[in-house]
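Annotation comment: Swiss-Prot describes 198-238 as repeat 'WD 5'. What Swiss-Prot lists as repeat 'WD 6' is 289-328. Among the features that Swiss-Prot reports, repeat 'TPR 1' is placed at 597-628. What Swiss-Prot lists as repeat 'TPR 2' is 696-729. For 754-788, the entry in Swiss-Prot reads repeat 'TPR 3'. Feature annotation from Swiss-Prot assigns repeat 'TPR 4' to 813-846. According to Swiss-Prot, the feature repeat 'TPR 6' maps to 916-949. What Swiss-Prot records for 988-1023 is repeat 'TPR 7'. Annotation source Swiss-Prot lists repeat 'TPR 9' at 1219-1252. Residues or ranges marked as repeat 'TPR 11' by Swiss-Prot: 1355-1388. For 1455-1489, the entry in Swiss-Prot reads repeat 'TPR 12'. According to Swiss-Prot, the repeat 'TPR 13' annotation covers 1586-1619.
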Amino acid sequence: MQLRYFKSILPPADQYQKITSLTWAPNNSRLAAVSTDKVVYLFDENGEKRDKFKTKAAEANNPNTYIIRAMAFSPDSTKLAIAQSDNIVFIYRLVDPDTGAEKKSICNKFPQACAVTSLVWPKDRPNEVVFGLADGKVRLGMLKNNKSYTCYAHPENSYVVALASSLNGQNVISGHMDGAIWKFNFPAEEGGTPTSSQLVVHSCVPYSLGWGSCIAAAGNDNRVVFYDLNGREIRSFDYSNNDEVREFTTCAFNPSGDTVVFGTYNRFYMYTFNIQRNDWEEAGHKQIDNFYAVSAASWKPDGSKMTVGSMTGAVDMYDACVKRHMYKGKFEFTYVSKSAVIVKTLKTGMRIVLKSVYGYEIEKINIYHDRYLIARTTYTLLMGDLDTCKLSEIPWDSDGSEKFHFENERVCMVHYAGELHIVEYGRNDVLGTCRTEHMNPYLISAVVQEARGIASESKKLAYLIDLQTVRIQDLMAPVGSTLATVNHDTKVDWLELNQRGTHLLFRDKKRHLHLFSLSGQERTTLLNYCQYVQWVPGSDVIVAQSRNNLCVWYSVNKPDNVTMFPIKGEVVDIERHNHRTEVIVDEGINTVSYALDEALIYFGAALEDQDYERAVQTLEPLELTPETEAQWMQLAEQALATNQLVIAERCYAALGDIAKSRFLHKVVKKAQQAAKEFGGDGTDAWSVRAMMAQLNKQWPVSESLLLAQGKVDDAITLYQDNHRWEDAIRVADSTHHANAAALKQQYLTWLLETGQEEQAGAVKEREGDYLAAIGLYLKGGLPGRAAQVVMSVHNVNWDPALLDSILASLAKAGLYERAGELYEHMSRSSEAMQSYRRGHAYRKAIDLARREFPAEVIIIEEEWGDWLVTQKQMDAAINHFIESGATLKAIKAAIDCRQFAKAAGIIEVLDPREAMPYFRRIAQHYETTGALEEAERYYIRADMARDAVEMYSRAGKWEAAQRVARGYLTESEMRAFYRAKAAEFEAAHKLKEAEKAYLAAGGDDVDKAIAMYKRNKMYDQMIRLVTQYRKEKVPEAHTLIAQQLEVEGNLREAEKHFVEAKDWKSAVQMYRQVNQWEDALRVAKVYGGVNASKQVAYAWALTLGGDDGAQLLKKMGLLDHAIEYAVESGAFAQAFEMTRAGAKHKLPEVHLKYAMFLEDEGRFAEAEAEFISAGKPKEACDMYMHNQDWDAAMRIAERYDPTMVSEILVSQARVAVERKQWLPAEGLFIKAKRPEAALKMYRDARMWNDALRVAEQYLPTKVAEVQMELLSGQGAGGGSGGASADAVINKARGFERNNDYARAIETYLSLTAQDTSNQDQLEHCWGQAAQLAINYQRHRMKDVVNTVSERLQEIGRHQAAGELHESIDDAQGAIRAYCAGRLWDKARTLAGTNPTFSRYIEDQYNNYLLQNQQADELASRGGQHAQQAIEMYVARDEWAKVHELAAQQGPEVASNYALKHAERRFKQGDYAQAAQVFAQHGITAQPQYFELYKSIAQGVLHASQGDRNPVAEKSLRDMMYRLVNVLRSGGGAGKYKVDTDAFQNYYLAAHYLTCAAAAKEQGLKDIAAMNLTSVLRYVGPTIPADRAFYEAGLAWYEAGRKNMAFVMLNRFLDLSDAMDEPDSSAAVIENADFSDTDIPYDFTIPERAYCTESQREDVRNLVLEISMDRSSDQSLALKACEHCGKPTYEANLTCHFCKKKYDPCVVTGYPIQSYDRVVFKNNGPELNAIRDMWNKWVEAFGTDPVTGMQAAPMY
């Protein structure tokens, strides 16, 4: 324990102001402190002052000289007791109990005869406060009556100096002035006697006295002594020899009682109890200088704080803890003692004290779901809920492997060692225990329901004993009695009790939802498919989802009344808030909610609380629906059960049960009258009880109540009113009523009037009037009763006519047995025999026959057996057949009822030919029972040796199977047998046996043995078999093995196999990849020679690098070659490394090549360094010059190669010339000493003035030449050089003014777009030049206008150019200008009707449209333009427009573009789209495209299952239909017969697939299966065989024809197995089942499987299932040929006997019989079909299956 100073909450005064008392409120919310100033200060839990109030004297007139001796808070923290020295104890109320507001008022006061010296308020005693007096008495103040009583008095009236209460509040000790410590015990039970006794006499006055886990006392002798509860001293600490310790003044235990603080002068000592040593220890002391004596001390009830007060009024607060611990950053654990921890939620600041009630040390704490506490001590387990602040502690001993479950907020579930423990939060015991291994939270439901209203407390648990048994346990029973056990036939996967524990909901693995009522012990199935279910929180309403329906049960007592809503998504939750209940449904994109009827939900809550008025108010506003009707009924029944008659009357009135409502109204009136007479509610009155018994149909109860009151007539009337005449007559007879006889006659009359002749006849029979009784029986249609009367009454001569009438009635009623008895009674044996046999009363018939007709006994025995067989009583029929000698019938009956022992015994006497059909079934029986030898014998006798072999194989008796096979099977059967056994042995990993079986089978099965050893990595065995049987594949086998061993890391073995395969290079590569160069070099040297070893050595050197690699290469003479190779491959680091290590003479060359590489990479700075290192500065300069980095180039030239300076300057100047930067270029040329280049630059640019200037300055010899060029006119207008445009214009205007128009024109024209960006200015100048030419220079007018026009068009002024041409009547030039500027309307207007101009304009316009890809405009122009538009659309991939335009151009164009479109889609792999294009837009029959068509067909039909597209198959069908028609109509069918037949096959295969898909969608399963069977004719190149047989087999299985499904799925499995083997073909597959069919036999095995492996396994299981079905013959269906009458495969288009050919049905593909043919033709091809199939198709679709045209049934 550590005490750390926290804060001072009251500062010290400058004078004496003793803190006389400190006390904490038990709820930790307040601290009260008082000093000698008589003011009580109130602080919050953190020590902040919140309030204060001044105390009062005992009497208002008394002087204010009292002091406060002690204070204590009440256990509920709302009151404060103050003991005062002026002979009184005041109780202050601090909190208003009604409003919770803070309010200080005196609620109790206890005046005494002398001064009050001390006070305590024991725990859990809110109305009892204990205080001590100066006269030695300890008194008890009772708050309820405001009186005080003496608990005990000191014999010598010794002053009470201290009081202390035990931790549990059941005891109080007091310390007295004479050193005695007394103990007072409160009575253990109410009314008991309290006791008191002297505990011990302390060594001094025990001013400091406390009681924790033991009693501690100290005083002025400086000793601290600890006593046990009997007063024996257990430990003491003596400080009498310590001068720094003075007398002890106060004592305070922490809430756990294991730590205590004693105050003394300027310090306080702390002591703790060591559990391990079972002793008290000093834990240290706190020195507080200038604090003076500690006058008061108090611990906070949670143990986290300790406060002390001083003589000067100071109050200090200390933080007390053993340790602190942060948990997951969300919680803080403060260990205030070893057995108490404060758990604080950091987010909310909420605190809870986790404390062991047994005082054990808390070792570990965990918090689950941020809410639930789990703590451990050595012997207990602590649990708590942070939200409700409820804690529990239970004894616990485990190894820590228990699992906790917190799904239920009321209880904690602990699963350990197969047992489930239920602990309710807030209780320190285990609520219940059960054994279960199924600890899924969805498989356990616990209900803890507190008492509400009249409803009692309920605690129940539902759990699984096993996965099919639910047990419901009552947790309130002493040992947990079982309320119900629910046995179910399917595994349960969810269960939950409702909140009251009256009903259990559970769901099984089949998604069936069940409701179990605990009261009625009844189970009801609510749903046959349920994917979500939940009780609505806080109610008995059930919400469930069944597929797309939301189901709600508002009343669990009426499970048939369900409310359903259609929904689209999945129910995810149920939310209740703001008086609204909503079901949340996730629809994928969004979430929606469905509101439930809140009124009906509230009704359930009201009924649960038995608040019937509220229940009625809830139901009254609602309409009467099935839900509300059920709830009215539920309320009525519950109201009747609790005698709420008015409520029940209202309920039945609401239900429309007027009779019950009126009856209850009478009962209510009776009860009201009884209440007035006798008091109470009147329901106990005998008349009310009798009526209620009558209502509940408790007739004996009602009768006894009426007879007890002497109400005989009322009792008789009661029975008469309810038509219980016999009870009425019984009452009348028993009471000797005067009207008893009349009552009987009245009863008989009533029976006759109501048609109850049977009852009337029974009355007459009892009276002895037999004739009347017989007449009544016959009248009532009861001839059997009449015959019974005749046979039971003897010595009566009955009228023969009467007897004949009875016999006729018996025959008419079918009572032949009774008629036979009557005939026998009348000694008419023949008629009796006939009646017995007609009524199947064979026992009586045989008895009669043995007496009268012995010869007929055998006949009747067989007849009896036949009849028993018809009644499915085969077991009983066996003996009758044996008795009659019908042996075959006896055997059949014995087998049918599985009496095989009897059948075997009977069959031995039969002829073998007769017994043959039964041998197989008997053999199968013996096989199932394990009698294999007997089974073998019967299989052999049944000529089914193959089945005997398979039986022994299944049983694992291989030798016996071989014995039977060798003795009875054919060669082919033996081979099939060996294959099957080999596969079985391989699966069992019996590889030697499997090898023998494969080799015994021979042929391709040898490859299976080889593959088996390969799969099992037994490579030696594999090579042995390959060498022995497949010598040509030995190298390939070695290579495969080597590759596998390489992957596995077995390199030595892999090398061996590579070498054996003559592939040593792969071995070398293998070793290189794993850096085993020695081995690689060894293999290369041994098998590849010197050159190979050199290559490996070079590669090795590269990996070694540095000197090692170079030395290796040098040693082998490959160093130079390696360097060159490294440079060429860009491995410069290796190249440098090798060069420096062994070939330094090549270093400059490597630097140069590396520099060139860096230059190409754009890394110029690095390249520069490498060029310099290579001694090539010129190349570095060239690099920078190339990149125009002149400064860098100049820097290198000046430093390394000055001869390059001039060249760099010239290059830079030329770049400036290209950029027209004349002056910089001139300066660079001059600097490079190349003035002639500067002169040439200006002359080329016609800048004559600058050229003349340069010549005069630098080249005087060139001055004359330049002047001559200028004077010759080449420089006209150009003398301005770089002058501005304004200068040129001014110069031209000057020429105009001087009438020098020629030079003016040249000057205007000298102005170009390079001189100015002002296009308006340019247009004006050029226009002025043209105008001058027009006006004054007519001879050059046209040239000038053309020049101006060209320039205007260059700057985009086409309209101005055209108008210029028009001004000189140059229409052609104007039109050209307008067309160039796209001014088509102006051009057309100018052209008028001139055809030449118009044609030119349209050509230009078309060229413009083409150049700008304006396809729509081109298309609208038609003709060849449309063709051009189509090509544009093709380029843009706008195929819809392509086909639309192409269709307008004719079918040939349409088919050509369809071909282009399809080709493009085919190349993109979109076979479906390609087929659709041809189907929709036409197809050409040119032979060069036939391969394309076939490839598209194969792409569609050979698609994998995931890529398969029924729409694509339909498009392919339409495409091939078009193609075949085009070929036939164009005469190509004969010319290209093979191709046409192939296309026809593709068409038919696609047609049947399309029809099958459509039929399947409409539920026409037989048509779908027939179509898919017809597809089988085209397996191989047309459609993959595995897909065809797979789909056909599944279709027949869905259609219910298992024999067809078995054969086809079995073929599919054979194909799948063949596909797993390399180089397999269909020829190796057994074809017996398809030998006489038109299904191809020899075809290519597909390379890619159509189905997944899981689907193949499903098919295997399905085939196995069908094979086990003995009712299936497991062969293809046959039919009789119409021509020859022989049986042939039902889908054959050609009879395999007579070769008769049949037309295929367009609906199914099946052959059409002549008598069943219908022909349909409607402006299309003639369609032949089977009548029934056609009608089924047309009724489903309304169209024919080929063209899709409207069609009608044909009968």
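Yeah, the Cβs are placed from backbone N, Cα and C, and that goes for glycine too.
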For the repeat 'TPR 4' (813-846), the number of residues DSSP places in helix, strand and coil: 26 helix, 0 strand, 8 coil
Helix-strand-coil residue split for the repeat 'TPR 6' (916-949), DSSP-based: 29 helix, 0 strand, 5 coil
DSSP-assigned states of the repeat 'TPR 13' (1586-1619) in counts, ordered helix, strand, coil: 32 helix, 0 strand, 2 coil
For the repeat 'WD 6' (289-328), sequence-distant contacts whose Cβ falls under 8 Å of one of its Cβ atoms, 6 or more beyond its ends: 1-28, 31, 33, 35, 37, 45, 47, 246, 249-256, 261, 263-268, 334-338, 340, 342, 351, 353, 365, 367
Counts of helix, strand and coil residues, the repeat 'TPR 2' (696-729), according to DSSP: 25 helix, 0 strand, 9 coil
DSSP residue counts for the repeat 'TPR 11' (1355-1388), split into helix, strand and coil: 25 helix, 0 strand, 9 coil
Mean per-residue pLDDT computed across the repeat 'TPR 9' (1219-1252): 84
